[in-house]
Amino acid sequence: MTEAKELLQDERFLKIQELNSAEPSKRHSVTYDNVILPQESVEVSPRSSTTSLEEPATTTATGVAVAAAAAAAEKKKKKKGEDGDDEQDEQAEEKYPVDPRMQKYLSHLKSKSRTRVHRKDASKYVSFFGDVSFDPRPTLLDSAVNVPFQTTFKGPVLEKQLKGLQQTKKGEVAAAAATAATAATAAAAPPGKKLESNFSGIYVFAWMFMGWIAFRSCMDYYVSHEGGFASMEIVQYMTSDLFTIALLDLALFLSTFFVVFVHWLVKLGFIRWKWTGFVAVSLFELCFIPVSFPVYVYYFHFSWVTRIFLFLHSVVLLMKAHSFAFYNGYLWDIKNELEFSSNKLNKFKESLSPETKDILQKSCDFCLFELNYQTKDNDFPNNISCSNYFMFCMFPVLVYQINYPRTSHIRWRYVLEKFCAIMGTIFLMMVTAQIFMHPVAMRCIEYHDTPSFGGWVPAVKQWLFLLFEMIPGFSVLYMLTFYMIWDALLNCVAELTRFADRYFYGDWWNCVSFEEFSRIWNVPVHKFLLRHVYHSSMGALHFSKAQATLFTFLLSAVFHEIAMFAIFKEVRGYLFLFQLSQFAWTALSNTKFLRSRPQLSNVVFTFGVCTGPSMIMTLYLTL
């Protein structure tokens, strides 16, 4: 009885009944719903045409139909050699049914599988987090200058090396045929041995030189302003409205905890990241700068120093919030994929085709690999907490991950050293800005406000004179700013938080192109752009490498121009154009002429570093 009901619900069986009925009236004797049910593999066995007395008349019709189906099956067996391929396809569809939702999911996994394995070795997975790494390493100046000076400095070493080589030479038996010149050359520097020296003394001399210049400048200012430093414009800029600035900065920081709240809701199961969480975080990020920017630029009458500080710090907070949100959002997607694929494998293991099993198994393997990429003790989603986000915000890094390399303890002497470096560098920056930069800036503003009546030739000459006057002071200020932020400040924060990776910058002063400079002069920002802009645009927007590179530079140029707007409250576009001009400089440095002359390339690069920022500042102040 049950088997008969199953046959009456089988669409293919009813089709066979219609086609094999001898009488036209019987071809439509059985009625059934038009709803297409999922096909299942049903074994049809011949049944007796004898009708049971207890069954209704429809059972007799069913028995006749079963016999007809059996006869049709026998015919199919005889034709197996002719249409065997079609029959195998039909049997495969019956044996391994795939619903449309599952088919869409498998297609999605197939498209993603290309980016999840190495191109040369398909057995190795590629993690989304493999583009950025953190390792215990010191900062460049510490490893090359500070640490050797404090631990191994013992005065001049070159003379001692020469004396040692001469003593070694005297102990050897000289060849009779050796000339005096050959002997002298061998004594000075024997083959295979290199004379070594260090420049620790020059490092000390440079800072001493800067200190005496600052001291002399302060004395001159003290005498010329009748014994007071309170009237210094730079001091007033940096010390006004400190309490209001601190409260506003704290409000910006606390507002970024919104991303933690969103992931907390996802963790509790109230919302899903894929739609609700993603949209909520994206809207928050899109509104963060447009809402806060007018507050500290227009509502409060802050100085340009305060405006640029709040803007840059708000951008840092935005990057940290974005990295935290989308790192965990990606792991939510991976976790959901693992659960879905493993459930399908366990539930429909016997009815899935080998190809489907392979796709789902690879999906599970990759998800486990991704979740355990940083540590086998998977902490996700336990890392979603206010304390974890707070510690991430304290670390001198912009790319979030669950674990970072840490030091065993805090070296308080090192903290004091870096704190003194911060204070001393800020003092030098204030003196440089007040003595060397402020007078030139005032003349540039006067040039901007005064119309030129003598023609464009005198105007160009005066502008060039202002530029040449701007270059020395601004170059010194540029170097001091770099040292204060990327070496002194970040190392001090890293030591206080026991953050072990101190690679905040590379040896950018040895660059031979601006392409190298953009990668290594600001490593934290480069890592953020690499993961969350460059690679994310290739994955989400399907950009090519060239398109992703152009998009990254355009986004960076836009934020640089907004920074200039925070200072001058006007859109000029000079810095935006100079940022894009790096493509031309890169193309120039990649020419055969400069590639074969790295020394000349470094000279061209250094010339650009010295003149470029000064030219940009002069343009904004004068035009």
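Even glycines carry a Cβ here, placed using N, Cα and C.
Taken from Swiss-Prot as is:
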- 20-99: region 'Disordered' (REGION)
- 57-72: compositional bias 'Low complexity' (COMPBIAS)
- 83-92: compositional bias 'Acidic residues' (COMPBIAS)
- 195-215: transmembrane segment (TRANSMEM)
- 242-262: transmembrane segment (TRANSMEM)
- 277-297: transmembrane segment (TRANSMEM)
- 384-404: transmembrane segment (TRANSMEM)
- 422-442: transmembrane segment (TRANSMEM)
- 504-510: motif 'FYXDWWN motif' (MOTIF)
- 548-568: transmembrane segment (TRANSMEM)
- HIS560: active site (ACT_SITE)
- 603-623: transmembrane segment (TRANSMEM)
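Long-range Cβ contacts of the transmembrane segment (384-404) within its own chain (Cβ-Cβ under 8 Å, at least 6 residues beyond either end) map to 129, 132, 134, 253, 256-257, 259-260, 263-264, 267, 316-317, 319-320, 323-324, 327-328, 374-375, 490, 493-494, 497, 499-501, 504, 524-525, 527-528, 531-532. All protein chains shown were included, and the count of other CB atoms within 10 Å of the CB of HIS560 (active site) stands at 14. Remote same-chain partners of the transmembrane segment (242-262), defined as residues 6 or more beyond its termini with a Cβ less than 8 Å from a stretch Cβ, comprise 271, 277, 280-281, 284, 288, 292, 295-296, 300, 302, 306, 309-310, 313-314, 317-318, 320-321, 324-325, 384-386, 389, 393. Under the DSSP three-state reduction, the residue listed as 'active site' is assigned to helix.
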